[in-house]
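Take a look at the structure set out below.
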Amino acid sequence: MAKWREMGLTDEEYRRIVEYLGREPNEVELGMCAVMWSEHCSYKSSKIHLKKLPTRGPAVVQGPGENAGVVDIGDGLGIAFKIESHNHPSAIEPYQGAATGVGGIIRDIFAMGARPIALLDSLRFGKLHSPRVRHLFTGVVAGIAGYGNCIGIPTVAGDVYFQESYEENPLVNAMCVGIVELSKLKKGVATGVGNPVLLVGATTGRDGIHGATFASEELSQDGEDKRPSVQVGDPFMEKLLLEACLEALEYGHIVGMQDLGAAGLTSSSSEMAARGKSGIRLYLDRVPLREEGMTPYEIMLSESQERMLLVVEKGYEDEIIKIFKKWDLNAVVVGEITDGEEIEVFFDGECVAKLPYRLLTEEAPVYDRPYRIPEIKNLQSINPAGVDCGEALRRLLQSPNIARKSYVYEQYDHQVGVNTVVKPGYSDAAVLRIKGTKKGIAVKTDGNGRYVYHNPREGAKRAVLETALNLAVTGAKPLGLTNCLNFGNPEKPEIMGQFVEVIAGMKEACEILNIPVTGGNVSFYNETGEKAIYPTPVIGMVGLIDDLETGLIPMAFQTEGDLIYLLGEPTGELGQSEFLKEFFGDVLVPVPPVDLQEGRRIIELLPLLKKQGLINSAHDVSDGGLAVSLCEAAFAGELGVNIDFTTSLLPQEFLFSEKVGLVIVSVSPEKEEEFIKSVKNAGVFVLKLGRVNGKDEIEICLNGQRVIQEKLSELKALYEGGLSWALK
């Protein structure tokens, strides 16, 4: 096989490289082009579609194109945040794959000059009855916990689903959030002819070589041969690197800073050069090596972790090096900025590579791949009337997709740094205090591939609205979103069709909800053999609560005697709900349409209701439907529920539909009249469901008939134990 094909390049791509250079590249140059032209680094199949997403908003300080997006939260402060995938490595080596995914996203945040304050993770696995899936799940969770806990950054939120489509290809999407003084915001740019280029942090080894290429192809049935492509992480080294970088930034005289992630020194140098429109000359014999005999090819493509590339003002390099030495870290001048337009690489006095930075970045191919919009056909109907509502509630509460994820977050230190206001499991989103202010931020990841698979456009709209509602029910105003788009092979028209429709759905949702996209990540080739994952857009979002004392809305029911209301109009569709899957299997029932306008009104209304003192709690209706959401609010508040309502829907439809855009709120009886007036003035549909009681029970009567009467303590035991039981 031709060398370029082994590296992941097509014949046409190789021809383009030769034509651009006017010569054949040598091995080092070919390797550099191959990693930078990989799907993982170049976004060559997705770029033309990603440009359709709205990226501007009043709070946006930094949009796509940098290490992370940044939004303004006032007081001269910004929030830097980004989500990225580490799917392929985690399928081969779950602990290290997940751990290094966390490490990489943390470096993206502090490269902006921000101090990381929180981690989130969005995970997808096959069904837990498979020993391999249990191995992957426990390994990934341990890897995230091991890295995050050691570095001292709390893992505060996330989401986990278990569905057949992720059997061979798990998804590990990690998000990091950091806080930055906007006046000290730093970018990954290389400028200033003669300025030195420093490589700081860990030594360079052979781990992760061609990791970016590995992430740009389908997994084989036996991925063991790819184990060397998985990087190895050292969280203690990363902690030192984090503190040293922030201290160096505080000292000043740093022009730009970039993480060495996918494609290692090749990508960090070429991306910094492209942003600064400058050349860079590198001397590889100065690079501190972990292993003897490493070639220039290996040094340029190594993805060894815990390394950063810095451009420093000439004359200040010795002071910067002293800072890193104080933290017991390597810091070496490995090059300088030139007035050319090339990345020049020297080794033992010989030029081993000389490539225009444009060839590695903006000249990478961009494909408008053929696509076929998925047909939504052979739709079926079901009659759920025969399903006992009490039995359904019990089964759903202990389903691994709904049951409390105590097994996961009890391994994470979610309190380290003492910024966490609400613990995992007690809110729809994590809430973090911004020290020195009254403010808080709410952060969340969300997405549901099964809905997207059955209707990519509506499913994508659902993912955006669901995440925004998760913030709004805490009292937060959404400021911006990042996304991780996980799909199969883009060379297949049906997969590309899913992607195009998802982008269209996200675009519509972001525009109507006024939430700009600040960046993200695309992960293609999540496919083994002919089996692709569900198309899975994962949305990460950040929102602002102006005053935690007066603006924070709890999820838990607060007071016996409070009235329970539903915001939004229930329509009863069961398409792709957990109820449908549990009792009817894979039935092609239509996905409920998403009412973005109603969702927007509710998102804007909730913080106002709290500020007016008109609601005591709020919780959005999500997985499992209204019945499960009522239980979750009751469990959190240790209070019972009485529902007495008349509806034209079947009880099963009313209680277990997962229509997005419904929110349960509790209201003091003396505030009821004012509450209803405010809600109706906002144009939001509202229904009175019942009231909070002090008993150990949930009682639901519909149309004069009791359909559920259960002890809350027994239901809570199912909810608390479901995931642990599934792992046994």
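Cβ atoms are placed via backbone N, Cα and C, with glycine included.
What Swiss-Prot says about this one:
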type: ACT_SITE; residues: H40; note: active site
type: BINDING; residues: Y43, K82, N483, G520; note: ATP binding site
type: BINDING; residues: E84, N521; note: Mg(2+) 1 binding site
type: BINDING; residues: S85, H86, N87, H88, R107, Q231, E303, S304, Q305, S523; note: substrate binding site
type: ACT_SITE; residues: H86; note: active site, proton acceptor
type: BINDING; residues: D108, D259; note: Mg(2+) 2 binding site
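For E84 (Mg(2+) 1 binding site), the nearest neighbour among the listed binding-site residues (Y43, R107, G520), judged by C-alpha distance, is G520. When the binding-site residues D259, N483, N521 are compared by Cα distance to S85 (substrate binding site), the shortest distance belongs to N521. Relative to D259 (Mg(2+) 2 binding site), the recorded positions with Cα atoms inside 10 Å are R107, Q305, the candidates having been H40, N87, R107, Q305. When secondary structure is read from DSSP and collapsed to three states, E84 (Mg(2+) 1 binding site) falls in the strand class. With respect to N483 (ATP binding site), the closest of these binding-site residues in Cα terms is N521, chosen from N87, R107, N521. Nearest to Y43 (ATP binding site) in space, judged by Cα atoms and limited to the binding-site residues N87, Q305, N521, is N521. Rounded to the nearest whole angstrom, the C-alpha distance between K82 (ATP binding site) and R107 (substrate binding site) is 11. The two recorded residues, the residue listed as 'active site' and E303 (substrate binding site), have Cα atoms 14 Å apart. N521 (Mg(2+) 1 binding site) falls within a strand segment according to DSSP. The binding-site residues shown are D108, G520, N521; of these, the one with its CA atom nearest the CA of N87 (substrate binding site) is N521. Separation of the C-alpha atoms of R107 (substrate binding site) and N521 (Mg(2+) 1 binding site): 15 Å, rounded to the nearest whole number.
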